[in-house]
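Chemist: Once you've had a glance at the structure underneath, I'll fire off some questions.
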Amino acid sequence: MKTINIDGSLGEGGGQALRSSLSLSMITGKPFRIEKIRAKRAKPGLMRQHLTCVRAATEICGARVEGAEMKSQNLSFVPGKVKAGEYSFAVGTAGSTSLVFQTLFLPLLLAQGESIVQFEGGTHNSKAPSFDYLSKVFLPVVRRMGAEVELELVRAGFYPAGQGQFVAEIGSAKLLESIELLQRGALKSRRAVAGLCNLEERIGKRELSELSKVLDLSLKEMEVHQYEGSAGVGNVLSMAYEFEELTEIVTGFGEKGVTSEFVAKQVAKEAVRYAKEEAPVGDYLADQLLLPFALAGGGSFRTLALSQHFLTNKDIIEKFLDIEIQTTRESRLSWLVEILS
């Protein structure tokens, strides 16, 4: 089978091209070679998190790989058959477990048999979807497409300590059903949660107080949540909007030297931006939905904007699959995305 060549410096120039290529290669059986991996990053090449993705993909499909080493900027991947089963993958420190999960999820879903996979590392990372985002935003949409998947958070892991853990139970689906996600539907609820790991409750209360000044939240719409049994310290502030058709979560992370008020204001700004528009799919969810929609061979959704991650993902998908992803700008903050097979 002809090898697909990928230029890793195109688009966002980060790890998206590699992760999408790994997923699609396992699903289609097509080998690929990627060069200039993460060329636009301050530290180009494979880092620990990306290497975990490669090694995990290699393990579940018995791939033949060249270039799987730290800081490598070139990689060749020849996939074998994906085998469902029980697996355990550790990213190390606070590297994103969610990105490793998303690399493996669809290949395992489309394999024959159920899989149980344990992930260790960072579960709440400012540069990747948090565990809460995966479980409450991304997965409910793919379940509507026929996916059977359940996640359980064992313990949270924040930067820099990491050491978080979650378990994924992934069923088997022969195919995904196409859906349309064009409207939000009625607003069912709002929920602001200040998540704390080994920090005083007053920090979360300050964040929620500041957030409420902008969003006018009631007491029952706010919660301070303490993550028990986790290593290190951490803080995540999330604002969730549950609509009839989907849920969206805006997330901000507390860091050393950053005030609670600043974190809350950043979350409030993004929450207001999303809430006042009509397109249902947020920027981050849009690039995550591209692959399941493409594998379904059809469907459409509306999103606020097309990020560099989205455009990179689009280019990679169209190299592996015989489909066209058509994007039409409807207004300043509304794009129609259609999968044409």
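Going from the start of the chain as shown, residues are counted 1 onward.
The backbone N, Cα and C atoms fix where each Cβ goes, glycine too.
Keep in mind that what you see is a predicted model, and the values were worked out from it rather than measured.
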Chemist: For the ATP site, TrEMBL lists Y284, L285, A286, D287, Q288; sort out which one of Q49, Q73, Q102 goes with them.
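Modeler: Answer, per TrEMBL (ATP site with Y284, L285, A286, D287, Q288), from Q49, Q73, Q102: Q102.
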Chemist: Using the centroid of the Cβ atoms of Q102, Y284, L285, A286, D287, Q288 as reference, list every other same-chain residue with Cβ within 8 Å of it (recorded ATP site), in sequence order.
Modeler: P129, F138, D283, L289, L290, H309, F310
Chemist: For Q288 (ATP binding site), which residues in the same chain are close in space, meaning a Cβ under 8 Å from its Cβ, but six or more apart along the sequence?
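Modeler: Once residues fewer than 6 apart are set aside, Q288 (ATP binding site) is near Q102, P129, F138.
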Chemist: Under 8 Å Cβ-Cβ from H309 (active site, tele-AMP-histidine intermediate), six or more apart in the same chain: what's there?
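Modeler: Correct list: G11, E12, G14, Q16, Y284, D287.
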Chemist: Tell me, what is the mean pLDDT of the domain 'RNA 3'-terminal phosphate cyclase insert' (183-274)?
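Modeler: On average, pLDDT over the domain 'RNA 3'-terminal phosphate cyclase insert' (183-274) sits at 97.
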Chemist: Cβ-Cβ under 8 Å from L285 (ATP binding site), same chain, 6 or more residues apart: which ones?
Modeler: V137, F138, V141, L246, E248, T303
Chemist: Other Cβ atoms within 10 Å is the metric here; tell me which of the binding-site residues Y284, A286 scores highest.
Modeler: A286
Chemist: Using only the residues recorded as binding ATP (Q102, Y284, L285, A286, D287, Q288), report the maximum Cα-Cα distance in Å, whole number please.
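Modeler: Value for the max Cα separation, rounded to a whole number: 14 Å.
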